[in-house]
Amino acid sequence: MLISYLGALVAFVFGVCLLQLQPALPPAYAPIPLLLLGAVMAWRCQRGSRSLAIFGLMLVTGFAWANLRAHWRMADRLDRTQEQHQVVAEGYVGGLPQTSEFGVRFVFVPTRVMTPGATLPTRLSLSWWGEHPEVSAGTRWQFTLQPKRVHGQQNPGGFDSEAWMLQQGIGATGNVKHGQRQPGHAWQAGIDRVREAVIQRILRTLGDAPWAGVIVATATGDRSHIGRDQWLDFAQTGTTHLTVISGLHVSMIAALTGWLTGWIGRRMPRLLRHGNLYRWQLWSGLCAALLYSLLAGLGIPTQRAVLMLATGIVCLLCGRPMHKSVIWMLALFVVVVIDPFAVISAGFWLSFLAVGALLWLSTNRVGGIRGLHGWLRTELAVTLGTLPVLLVVFGRLPLVSPLANALAIPVVSMLVTPLTLAGLADPSGLLWHAAERTFAATHWVLAWLAAHVPSPDFAPPPAWTIIPAMLGIWFLMLPRGLPGRWLGLLLAAPLLVVPAPVIAPGEFVATVIDVDQGLSVLVQTRQHALVFDTGKPGQADRAILPVLRSRQIRRLDTLVVSHKDNDHSGSAQTLLQALPVKTLLAQLPAEHPAWGLAQHDELCEAGQSWDWDGVSFTVLWPVPDALMPDENARGCVLEIETAHQRMLIPADVGITQEAEMLSRNWLGHFDVVVAGHHGSITSSSASFVTDTHPAWVVFSSGYLNRFRHPRPEVVARYAAAGAEDVRTDRDGAITLSTQGAALSVSRWRVQHPHYWYEQW
């Protein structure tokens with residue numbers, strides 16, 4: 001009977017997952033006939049087949065529930081007719097604002113739209129760039145804002161911000177044009193105001209201490225104060241979860257509170273004379289865990305921990321003990337019922353799989369897990385249990401993870417977390433300083449381990465490998481000596497043995513990466529890799545490096561930076577610091593920080609050429625004797641040529657430079673042209689388009705960018721010349737592969753469709 005109940009819960013979760021894999025939503029009430037059929041079958045079936053019928057009914061129920069919720073969520077998105085129109089609205093700041101050197105970003109909850117005929121979603125993610133007054137949680141504002149539909153960059157291996165906004169219930173983004181503070185605070189954001197006050201107090205106390213962000217994350221769950229380099233260190237050691245408030249933290253708070261209640265009750269029995277002390281300990285522990293979870297923002301790992309803890313405590317109070325695996329499954333079910341979009345999150349799977357692996361390991365070990373050997377075994381179990389998600393989402397396997405976690409988890413759980421939470425009641429701040437220094441010492445050891453143990457990159461495995469790999473890992477964690485345990489290796493092997501795509505000699509693969517309003521192109525031959533331009537600051541981490549990891553590229557032969565404009569060179573320094581680069585070929589000022597970071601620096605000039613694996617690369621521009629009045633005119637122009645195909649990347653050079661190259665007969669027909677200056681009217685002259693008459697033109701531009709690139713007249717000009725256009729703002733990353741005389745073009749959004757993607 002218990003197995004049937006658990007199977008029904010699993011079926012519901014599978015149904016929810018199945019809906020989230022759909023490229024388009026079925027009609028909201030389409031599953032109703034299947035629900036009715038399943039209910040009849042479950043009612044009429046004989047006992048032997050009833051379990052299967054109930055499984056099917058719960059599968060359809062999960063699918064239908066997730067489908068209905070998805071329709072509601074998608075209906076709360078900004079209407080396309082409202083885009084690029086200024087709207088005046090009143091509301092309050094929900095959540096914690098994120099401040100940077102460029103401005104502030106925050107969630108805005110409108111309570112009144114004052115512009116006639118305008119409507120806004122329930123929640124918007126707004127940016128206020130440049131000079132702005134202080135924006136804090138719960139404050140009320142009247143904003144003049146310019147909303148946009150939810151739209152994010154889409155790249156191989158990259159973060160899906162559209163999926164994240166779907167999870168968060170954000171129906172639009174936008175920029176604040178003007179804001180006026182209104183009196184009072186919103187009661188709905190009361191908890192966030194408390195969290196913000198705690199964060200500010202910690203930051204004031206610790207000042208410029210390097211690991212202050214970790215102390216903030218431990219106390220409040222806000223990880224925005226952790227630096228980029230620190231995140232890289234966590235990723236290399238597999239210890240990112242240390243900054244997530246999870247079951248370890250919640251259980252410890254409950255246990256400490258329960259112990260303190262017992263200590264007080266035994267010394268002052270009159271305080272707790274109503275009811276026995278044991279019940280008081282359980283209730284106080286649960287209340288403390290809930291309060292701490294609210295302070296931490298109730299993320300998915302925290303929800304899981306609180307639900308498991310609450311279920312266990314209720315069972316103890318009722319005198320009906322429940323197996324740990326049943327509690328785990330109930331928590332999984334409840335989280336998915338409350339939030340069907342949680343299954344899109346990697347954090348959901350990492351949290352539940354890690355705990356599931358520990359439960360599975362302990363269930364299959366007679367006498368439990370004890371001692372150092374047992375502790376190392378549990379860390380290995382957590383690493384193996386989360387391995388499929390780590391490879392699919394991050395494409396990286398931190399081999400040092402079990403050892404790093406065996407060291408870090410006890411220190412963080414037994415020292416850093418108690419010191420941090422006790423610091424809330426310490427006016428001197430000494431406890432927070434002690435917690436920060438303790439973590440700093442721990443990190444020093446972790447950094448040493450990361451420097452001596454590699455973290456190999458892997459291509460994201462095919463989706464079909466995940467379920468067999470999970471089964472294989474569970475087999476491997478069975479007790480030694482059981483028959484069939486070796487089958488786990490066979491089932492898990494495809495997850496790691498993903499053949500890297502082989503490029504034939506004389507061919508290339510070019511990927512125009514979606515870097516918003518900017519340019520970055522990855523060009524691969526059989527044994528070499530080149531990146532042309534790097535987009536704006538932040539795009540190396542957000543887009544370029546994930547693409548390189550997904551292609552298993554660990555070093556670059558050449559980085560070309562066409563000119564110093566921020567949307568072309570903004571991430572050059574970050575990229576050069578992130579991985580080895582043999583040659584930097586650039587048109588940059590002498591004082592630019594990118595110089596000196598590659599093994600070899602060279603100024604980009606016309607006439608430079610080289611051959612990689614039968615593919616020739618030629619720099620067509622700039623020439624020393626040409627008139628170059630601005631930075632765009634000095635930009636590098638690169639030609640890539642095989643025996644049958646030609647591709648041109650003209651950066652931001654203008655009509656004058658195009659005419660100069662035409663007069664020197666350097667152009668002619670190209671199969672692919674990356675449109676100059678993102679499709680601006682200052683480039684792509686009629687004569688240039690006619691002479692190159694490409695089969696494909698690629699526009700690298702941001703969604704609804706303020707320059708209105710690509711300009712309609714430029715798009716029409718290429719279309720008249722017979723070119724088919726692809727665009728990063730519409731199609732995501734664009735991959736062009738030469739195959740002899742044939743050219744294959746793939747669009748990321750088309751190849752990997754999801755119902756939440758913006759449709760054009």
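Cβ atoms are placed via backbone N, Cα and C, with glycine included.
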Stretch carrying transmembrane segment according to TrEMBL (options 48-68, 195-215, 300-320, 426-446): 48-68
20-37, 380-397 - the range that TrEMBL marks as transmembrane segment: 380-397
For the transmembrane segment (380-397): best-contacting stretch of 242-260, 280-298, 461-479, 486-504, by Cβ pairs under 8 Å: 461-479
Long-range environment of the transmembrane segment (48-68) - Cβ separation under 8 angstroms, sequence gap at least 6: 4, 7-9, 11-16, 18-20, 25-26, 28, 30-32, 34-35, 38-39, 41-42, 336-337, 340
Distant-in-sequence neighbours of the transmembrane segment (403-425), which means Cβ under 8 A and at least six residues beyond its ends: 198, 202, 214-215, 218-219, 237-239, 242, 248-249, 252-253, 256, 292, 375-376, 379, 382-383, 431-432, 434-435, 438-439, 442, 445-446, 449-450, 453
Intrachain residues whose Cβ lies under 8 Å of the transmembrane segment (242-260), provided they are six or more past its termini: 214, 217-218, 221, 223, 226, 234, 281-282, 284-289, 292-293, 296-297, 299, 301-302, 304-306, 308-309, 347, 351, 355, 408-409, 412-413, 417-418, 421
